[in-house]
Amino acid sequence: MMSIRQRREIRATEVSEDFPAQEENVKLENKLPSGCTSRRLWKILSLTIGGTIALCIGLLTSVYLATLHENDLWFSNIKEVEREISFRTECGLYYSYYKQMLQAPTLVQGFHGLIYDNKTESMKTINLLQRMNIYQEVFLSILYRVLPIQKYLEPVYFYIYTLFGLQAIYVTALYITSWLLSGTWLSGLLAAFWYVTNRIDTTRVEFTIPLRENWALPFFAIQIAAITYFLRPNLQPLSERLTLLAIFISTFLFSLTWQFNQFMMLMQALVLFTLDSLDMLPAVKATWLYGIQITSLLLVCILQFFNSMILGSLLISFNLSVFIARKLQKNLKTGSFLNRLGKLLLHLFMVLCLTLFLNNIIKKILNLKSDEHIFKFLKAKFGLGATRDFDANLYLCEEAFGLLPFNTFGRLSDTLLFYAYIFVLSITVIVAFVVAFHNLSDSTNQQSVGKMEKGTVDLKPETAYNLIHTILFGFLALSTMRMKYLWTSHMCVFASFGLCSPEIWELLLKSVHLYNPKRICIMRYSVPILILLYLCYKFWPGMMDELSELREFYDPDTVELMNWINSNTPRKAVFAGSMQLLAGVKLCTGRTLTNHPHYEDSSLRERTRAVYQIYAKRAPEEVHALLRSFGTDYVILEDSICYERRHRRGCRLRDLLDIANGHMMDGPGENDPDLKPADHPRFCEEIKRNLPPYVAYFTRVFQNKTFHVYKLSRNK
């Protein structure tokens, strides 16, 4: 963080609890060997205590989340089909590939089934390892088959315990990052406590276990911790190389386990670019990190059989553009303030233009359309034009992709996290502006630099990185609620670091003329301890009540549907329906699907729009022809979609389909002038009347309070 450059005399009686220091005072060491020995012993003791607490708090968090999951579902007591149904939507799809690998006679056949899969999308053979990020399921299935644990641990428990184990690593990485920034493990303890007490806003692992982000975010946290250490000045060559290795491995694993990796790392690249441009980060270290990002993505691209979406990512185009712009624009960091500011703006414009140019060229060469729905969504979200695009509106109408709800800040304030975060953020932003202005003013004036060395605050590179990181990811979370988990966890780290930072308190006490070394020590330890006591007092009873509250999984209609499919349909039958439900059909029954929730493919999106015409105003023969074009044998209709009330008018699935088809929406309210009344009634409603035009094409074979299954005729 901010360090006063002017050194003061260090007294032998002062004992530091800091993390391994960046510099050693050789003169003091020669004069006071006994003092230095005691200092080293204290540091070893501090490291031991801090490390032990880090491991314990990580394991306790893991056990806590696993217990919540068990208590909420009574997972150990319910049937296998109920366990599988509890993996909702895309979670069930991912878990099905773990199950598929375990059921394969051999590993080779299991791999072959994933590479040449013809059950995930009917009438198509796709490479699942290319299309999806499921190497983690492959790795776990291999481990389960190889390790001698089959007699003691069911496959589903091996899977979920691995995910909860990763949560232990996640919390430990957050703890270490805060410790590295502040110099005391007390900061890490506070970060971990905040993470747990704000669980609703920091993680959703206990009810979305197989979700890709639950695999990826622990590695992302490790990467941030490693980058924080790497950006420290004066690292030993061996330490630097080992840290680079840790950054590379964690970046690679993060990229391998989540399809949105490229967008998160693009944010990181923007952080590096900002700091490098403002001379707040060594350019050499920024170059290393750019290179690691590109290398990791290219390795993942190879493992995913040259997935074109990775090659066409904005991250690769941006990082290459930064390298090219550096070569084209020399002496970027010299000259007066206005001179440097002009060069910086030109540099920014050049990088932006090169990024867009390279990205468009790559996408045209590869004929890449897989990510176009994301850009359509962003364009509509930020008001750059209204759209009737079904895919974009599907995202816009989901709460998870909306703005961060205001009540989030109320919950974060209850734990004092938000107040502490704003306090620390305000101070560091002011210091960052001062440092950036000084760096741009006159980098060639040695007198100016000398003056700064003697009396001006400075921003450490690792602190500057985490500051810009938290700001950019904060904007991301504010704009898209689903991404809040990337911000709130780092918020815990940044707030706890600031409260335990000696530089923060030194700056604050000096500004109110109360500076005293003892006061700094008192403030940096007493404030976090008081907050920890407050958190224990206020939230411990609630956490104990939460752990004692027992519920049970209950979804009899879905269980009945899955059992009926298993008992009454051929194993090669093809099912159509909603993406979310079909993921469960794939997992519980192994039947072939027409569509599924992994939405990162343009042809799948077109197929899904066609299948969803079952909820639109279409003629029975049109719907039948569309479904049969995908080889559909059975279609599942859900009352919860056909008569949906959860979303407002204009955001119900049937409304999105009506708008995309140019039809007027149901119910009172305005319609766009060019929308016209449909020629046919809504299919999902009319088919239940068993009228001749519908009976000729569809025969009802199953029905309960939630689902209606129809068998398609083949002779039409």
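A Cβ is built for glycine as well, from the same backbone N, Cα and C atoms used for every other residue.
Remember, predicted model here, so these are calculated numbers, not experimental data.
According to Swiss-Prot, the feature topological domain 'Cytoplasmic' maps to 1-43 (among others), an assignment based on an author's statement.
Annotated transmembrane segment per Swiss-Prot: 44-64 (among others), in sequence order. For the transmembrane segment (44-64), the residues of the chain that approach it from at least six positions outside its boundaries are 17, 19-20, 164-165, 167-172, 175-176, 179, 185, 188-189, 192, 195-196, 543, 547, judged by C-beta separation under 8 angstroms.
What Swiss-Prot records for 65-154 (among others) is topological domain 'Lumenal'.
For Asn118 (N-linked glycosylation site), other Cβ atoms within 10 Å of its Cβ number 12. When secondary structure is read from DSSP and collapsed to three states, Asn118 (N-linked glycosylation site) falls in the coil class. Per Swiss-Prot, N-linked glycosylation site is recorded for Asn118 (among others).
What Swiss-Prot records for 155-182 (among others) is transmembrane segment.
If you look up Swiss-Prot, you'll see 185-197 (among others) marked as intramembrane segment, on the strength of an author's statement.
Summed and averaged per residue, pLDDT over the topological domain 'Cytoplasmic' (198-215) gives 94. The topological domain 'Cytoplasmic' feature in Swiss-Prot is assigned to 198-215 (among others).
Annotation comment: Swiss-Prot describes 216-230 (among others) as intramembrane segment. Away from its own ends, the intramembrane segment (216-230) comes close to residues 166-167, 169-170, 173-174, 176-177, 180-181, 240, 243-244, 246-247, 250-251, 253-254, 257-258, 261, 264, 285, 288-289, 462, 465-466, 469, 485-486, 489-490 of its chain (Cβ-Cβ under 8 Å, at least six residues beyond either end).
Within the topological domain 'Cytoplasmic' (231-239), the DSSP-based counts of helix, strand and coil residues read 3 helix, 0 strand, 6 coil. Annotation comment: Swiss-Prot describes 231-239 (among others) as topological domain 'Cytoplasmic', evidence class experimental evidence.
If you look up Swiss-Prot, you'll see 240-256 (among others) marked as transmembrane segment.
Residues 132-133, 135-136, 212-213, 215-216, 219, 297, 300, 309-310, 313-316, 600 of the same chain sit 6 or more residues outside the topological domain 'Lumenal' (257-262) yet have a Cβ under 8 Å from a Cβ within it. The annotation topological domain 'Lumenal' is assigned in Swiss-Prot to 257-262 (among others) on the grounds of experimental evidence.
Residues or ranges marked as transmembrane segment in Swiss-Prot (evidence: an author's statement): 263-279 (among others). Listed by sequence, the residues of this chain that lie at least six past the ends of the transmembrane segment (263-279) yet keep a Cβ under 8 A from its Cβ atoms are 220, 251, 254-255, 286, 289-290, 293, 297, 313-315, 318-319, 322, 332-333, 344, 347-348, 351, 435-436, 439-440, 443, 461, 464-465, 468-469, 472-473, 476, 486.
Annotation comment: Swiss-Prot describes 280-289 (among others) as topological domain 'Cytoplasmic'.
Annotated transmembrane segment per Swiss-Prot: 290-306 (among others), in sequence order, evidence recorded as an author's statement. Long-range Cβ contacts of the transmembrane segment (290-306) within its own chain (Cβ-Cβ under 8 Å, at least 6 residues beyond either end) map to 127, 129-130, 133, 135, 244, 247-248, 251-252, 254-256, 261-262, 265, 268-269, 272, 313, 315-316, 319-320, 322-323.
Cβ atoms under 8 Å from those of the transmembrane segment (309-323) belong to residues 259, 262-263, 265-266, 269-270, 273, 287, 290, 293-294, 297-298, 300-301, 350-352, 354-356, 358-359, 362-363, 366, 368, 370-371, 600 of the same chain, restricted to positions at least 6 beyond its ends. As annotated by Swiss-Prot, transmembrane segment applies to 309-323 (among others).
Among the features that Swiss-Prot reports, topological domain 'Cytoplasmic' is placed at 324-338 (among others).
Touching of the transmembrane segment (415-437) and the transmembrane segment (488-499) is concluded from the presence of at least three CB pairs under 8 A, sequence neighbours closer than 6 excluded.
488-499 is the stretch from 240-256, 339-359, 488-499, 523-539 with the greatest number of Cβ pairs below 8 Å to the transmembrane segment (155-182).
Between the transmembrane segment (488-499) and the listed ranges 240-256, 339-359, 523-539, the one holding the most Cβ pairs under 8 Å is 523-539. Asn704 (N-linked glycosylation site) counts 14 other C-beta atoms within 10 Å of its own C-beta, drawing on all protein chains shown.
Between the C-alpha atoms of Asn704 (N-linked glycosylation site) and Asn118 (N-linked glycosylation site), the distance comes to 30 Å.
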